[in-house]
Amino acid sequence: MAVDVLLGLQWGDEGKGKIVDVLSPDYDLIARFQGGPNAGHTLEFEGKKFVLNTIPSGIFFENTMNLIGNGVVIDPVALKKELESLKGAGHDLLAKKNLMIAKKAHLILPTHRLLDAASEKRMGDSKIGSTLKGIGPAYMDKTGRNGLRLGDFTLPDFKERYHKLVNKHKYILQLLYSEIIDFREQEKEFFQALDLISQFPLVDSEHVVNDYLKKGKKILAEGAQGTLLDIDFGSYPFVTSSNTTTAGACTGLGIAPNQIGEVIGVFKAYCTRVGGGPFPTELDNETGEELRFKGHEFGAITGRSRRTGWIDLPALKYAIMINGVNQLVMTKADVLRGFEQIYACTHYHYNGEVIDYMPYDIHAIQPVPVLQEIDGWQEDITGITAADQIPANLNTYIKFLEKELGVPVKYLSVGPDRKQTLILN
Ligand code: GDP
Ligand code: IMO
Ligand code: MG
């Protein structure tokens with residue numbers, strides 16, 4: 001038995017949550033391995049819609065266990081809200097006993113959120129466009145070896161260590177950003193939320209996943225953000241602060257690399273990005289607006305408008321290479337309906353050359369996309385249920401992508417609902 005990994009191949013919001021939900025009945029354990037409440041994973045079924053932030057997308061199936069891994073950063077306040085909202089909708093995860101949390105997961109403190117906001121404010125126009133959830137500062141404390149882990153909450157010196165870290169944050173806020181903020185209310189919420197969260201089984205994720213493997217059980221590691229937001233291989237510095245790639249599943253759960261099985265890469269039939277940073281195929285025009293409108297491209301957590309553009313094959317090839325993707329999932333194919341022509345970027349014009357890879361300094365020198373025209377399709381595909389109902393032009397688009405990318409498209413998503421998913425290969 002191996003651990004399969006599902007992750008996004010673009011700049012996030014590819015539809016990862018929906019696809020994890022669709023695949024969940026086939027797995028015994030769904031494990032989130034990185035990121036935090038910066039993620040917004042949308043699931044729709046039986047006329048209901050859920051947006052999950054820190055909680056894995058396998059919680060809606062009876063026989064599937066869920067794990068928040070050590071590589072995740074947890075904001076107890078945000079997680080409590082998420083749990084309460086699920087409970088309100090009839091999904092009490094404490095009662096269902098289907099969620100475990102890694103002791104080694106680091107905590108996002110109220111002051112991490114303040115630091116995130118102060119840093120973004122100070123950067124002005126060159127800001128990252130962070131979700132302001134405190135992700136960057138929390139991971140900085142983790143790698144700076146100052147962080148607090150969820151398991152620390154049960155230790156006698158937790159409050160002391162908390163105040164030591166908060167005093168450092170207050171010092172930075174005052175010195176660098178001249179900010180003095182009263183956060184006593186948030187602090188109270190933080191401790192109340194920790195009381196709730198520590199009622200879940202707090203585990204060593206490395207032992208849990210390896211025990212599952214030994215017992216022959218099936219595990220799916222759920223990625224957040226997207227490959228192009230990876231801290232090492234994304235469009236740095238316009239990235240998030242964790243490894244969103246397959247390697248992140250190893251460090252974020254405690255899995256040896258030779259235990260990785262299938263790597264399922266999810267991509268949209270076009271491309272979107274939220275926040276700042278390079279986006280070579282961006283359509284800052286009426287067509288981009290049409291894509292945004294038809295695809296409801298507004299952030300699942302921040303409500304921000306997503307930037308939109310055509311599919312970017314050099315970027316996708318790069319993401320496939322870094323992750324070892326061997327199965328593709330194409331989502332939002334229905335959104336491209338109605339265009340006479342659609343376009344795929346096959347190469348970039350860059351520094352007087354034509355290249356088919358993502359250049360190092362993509363953040364500084366915007367490559368100009370070389371676009372291939374493809375005939376669009378006019379048929380409504382939101383109700384199709386089998387591969388032989390796919391319109392000819394969409395089939396041609398899929399075959400073209402498979403040839404360019406060298407990986408089969410195994411699933412096709414034709415709408416947000418769980419049922420609007422086709423198996424192709
Ligand atoms: P994630 O962060 O990768 O899980 O993706 P998000 O949930 O942030 O964004 C994807 C959005 O597209 C959500 O609103 C989904 O409900 C929706 N969605 C997913 N798949 C499809 C699809 O095939 N077609 C359409 N129209 N919407 C989809
Ligand atoms: P899901 O899992 C899209 C982007 C932010 C910003 C950059 C850094 O739903 O795909 P951060 O708050 O992480 O410090 O922000 O990363 N970003 C996302 N964009 N989907 C996400 O998650 C994202 N998580 C972070 O917009 O540009
Ligand atoms: Mg999202």
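Quick reminder: no glycine exception, Cβ is built from N, Cα and C everywhere.
Unlike curated entries, TrEMBL annotations are predicted automatically.
Marked as GTP binding site by TrEMBL: 12-18, 40-42, Arg306, 332-334, 413-415. The Cβ of Gly12 (GTP binding site) lies under 8 Å from the Cβ of Ala39, Ala224, Gln225, Gly226, Leu229, Thr272, Arg273, Val274, each of these being in the same chain and 6 or more residues away along the sequence. Following the DSSP three-state reduction, the secondary structure of Gly12 (GTP binding site) is coil.
Taking all protein chains in view, 27 other C-beta atoms sit within 10 angstroms of the C-beta of Asp13 (active site, proton acceptor). The active site, proton acceptor feature in TrEMBL is assigned to Asp13.
The Mg(2+) binding site annotation in TrEMBL covers Asp13, Gly40. Counting every protein chain shown, the Cβ of Gly40 (Mg(2+) binding site) has 19 other Cβ atoms within 10 Å.
As annotated by TrEMBL, IMP binding site applies to Asp13, Glu14, Gly15, Lys16, Asn38, Ala39, Gly40, His41, Thr131, Arg145, Gln225, Thr240, Arg304. Around Arg304 (IMP binding site), the C-beta neighbours below 8 angstroms that are at least 6 residues distant in the chain are Val274, Gly275, Phe298. In the three-state DSSP scheme, Arg304 (IMP binding site) falls into the coil class.
TrEMBL lists His41 with the feature active site, proton donor. His41 (active site, proton donor) falls within a strand when secondary structure is assigned with DSSP.
Shown in sequence order, Val73, His106 are the residues of the chain, 6+ apart in sequence, with a C-beta less than 8 angstroms from the C-beta of Lys142 (active site). Summarising the annotation, TrEMBL assigns active site to Lys142.
According to TrEMBL, the feature substrate binding site maps to Ala300, Ile301, Thr302, Gly303, Arg304, Ser305, Arg306.
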Close-lying recorded positions around ligand 3 among Asp13, Asn38, Gln225, Thr302, Gly303, where CB distance stays under 6 Å:
Asp13
Going by C-alpha positions, which of the recorded positions (Asp13, Lys18, Gly303, Ala333, Val414) is nearest Gly40 (Mg(2+) binding site)?
Asp13
By Cβ count within 10 Å, point out the most packed of the binding-site residues listed: Thr42, Thr131, Gln225.
Gln225
Using a Cβ-Cβ cut-off under 8 angstroms and a sequence gap of six or more, which residues of the chain neighbour Arg306 (substrate binding site)?
Asp13, Thr272, Arg273, Val274, Arg292, Glu297, Phe298, Gly299
